[in-house]
């Protein structure tokens, strides 16, 4: 059915890195992460997921995150009127991000340990300004809990499309704000520049200022 579509995944890009360039201009492309949270999966920890995004001409138009353990899906389409969870029984529930809160009342995920100096030390020092942190070793579940209002934000360093495109769109359609560390828009072709996801643009600015403070 989709014989002409570009398929982008970690294993395929290891063999052919040029596939990433196809996200810029392909009429139809899919990014697929069949097991996000590989460490958890291999260790018997039930926090892993399947992530899929649909990209057209450099824009993410749909995203799905499947939780095989809970047997449900969180999904969104661009301009589709929000993000939804489809439960195992077929029911559909609309979700939304958490309401903005002061920095010292925010909970989120900060992947400071995967960044290079001097940013690494700065993030490690400043993350104590927040109420608490989550760390699932699984972007699928981190995006999920933030899109459903269970946490406020996440800070990521490496931006491989199969790890972030589905969750980024779901977050935006759930009412959240997302941008790279320098404030620029996040696009499917980006693999660097970091990412902050937040409940709102104002929250994004507060998080960025708190974490990057000297």
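Here the Cβ of each residue, glycine as well, is placed from N, Cα and C on the backbone.
TrEMBL lists 10, 33, 36, 163 with the feature Mg(2+) binding site. Mapped onto three states, the DSSP output places residue 163 (Mg(2+) binding site) in helix.
Each of the binding-site residues 10, 33, 36, 163 was scored by the other Cβ atoms within 10 Å of its Cβ; the lowest score goes to 10.
Classification of residue 10 (Mg(2+) binding site) by DSSP places it within a helix.
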